[in-house]
Amino acid sequence: MMAEINSDIIKAKEYLDQDRLIGLPTETVYGLAGNGLKAEVVSQIFEVKNRPHFDPLILHSYSIDAIREYVTEIPNNAIKLADAFWPGPLTLLLDRNDKIPDLTCSGLKRAAFRIPNHPKALALLKTLDYPLAAPSANPFGYISPTSAQHVEKQLGDKIPYILEGAISEVGIESTIVGFEDNETIIYRLGGLDIQEIEKVIGKVKVLPHSSSEPDAPGMLKSHYAPTKNILLGNIPELITANKNKKIGILSYSKLYDENVKVSLQLTKSDDMHEAAKNLFSHLRTLDESEIDIIITEEVPSIGLGKAINDRLRRAAVKD
Ligand code: TXA
Ligand code: MG
């Protein structure tokens, strides 16, 4: 049976075909999407997000064959990863051809591609004859959105339409992977666990994430930051040191009540996927609460825990 194309998908397509931007649901985070082959559309994305032009965008498509139209070659390991994890929270850096405007990939010779695992996003992409450039739909440097409401709140007055999906199942951005001189390199830790990648192609190299002038410019140190001050460390000690302030807690699993105004846990059952799914929405809830500071801690560094800690550290850095 042919999948039914709902009226909301038709509407989203109409806006996109008119060179306008929409909010796009994906399983990682919501995107701010537009025609990735048109520099004037991509330029609007940078403007709406207030994003510097040196920070390249990810192109979203529905199949490897569609992506082949925009690249010069796909390395073997890329094919293996695509077969294993697409659609899913994996972004591949591939050598691009000149169908992709420089602005989309900040003039770099590679472009980033992803097939999102979200029924509405896929249904929409299949109706389009261009890939969608879509960064996370947040103002540059702020917490990424995991629901249509988050997008509405932050960018609702700047875009004509948000395609509504459910809450993003994965909750953190895709894992970004590139290939150089027979090496596979992880440029951004994300929703696909490195161990899963290594099961398919063997050992990979993870780029250190501390640089503020990185190869993947989205790795800027201060990122994902709430407007409230966020302290990362030992929660009980930080509570004691700040007991005159109104405190909000974001813990891995334990709840706190003494001297604390709001306490949120990332997971109730030691489930790292649940923790990832809750991360950005809990940070947002705390940022919007009547508190002075957010106190948080690193989660166990296993599985997606590494990607979660990466985001917590960046959120805790002030410029
Ligand atoms: O899960 C995701 O990846 C989400 C959803 C919407 O798909 N998108 C996302 O996009 O996180 P964004 O714009 O917030 O992050 C894109 C990052 C850039 O900051 C950069 O680090 C990396 O992808 N990137 C994109 N193109 C690149 C390129 N040609 N070379 C190196 N890094 C690139
Ligand atoms: Mg982002």
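In case you wondered, yes, glycine gets a Cβ from its N, Cα and C as well.
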Binding-site annotation, TrEMBL, L-threonine: partner of Thr28, His60, Arg114, Ala134 in Ser174, Ser251, Ser253: Ser174
Per TrEMBL, Ser136, Ser144, Arg188, Tyr224 bind ATP; matching candidate in Arg20, Arg51: Arg51
Binding-site residues compared (Thr28, Ser136, Ser144, Ser174) - highest count of Cβ atoms within 10 Å: Thr28
Residues flanking the L-threonine site, with Cβ no more than 8 Å from the Cβ centroid of Thr28, His60, Arg114, Ala134, Ser174 and excluding those residues themselves: Thr26, Gly31, Ile58, Pro89, Thr91, Pro116, Glu173
Rounded to the nearest Å - Cα separation of Tyr224 (ATP binding site) and Ala134 (L-threonine binding site): 17
Nonlocal neighbours by CB distance (under 8 Å) for His60 (L-threonine binding site), same chain, sequence gap 6 or more: Leu24, Thr26, Gly31, Ala33, Gly36, Phe113, Arg114, Ile115, Pro116, Ala121, Leu125, Pro131, Leu132, Ala133, Ala134
Cα within 10 Å of Thr28 (L-threonine binding site) - qualifying binding-site residues among Arg51, Ser136, Arg188: Ser136
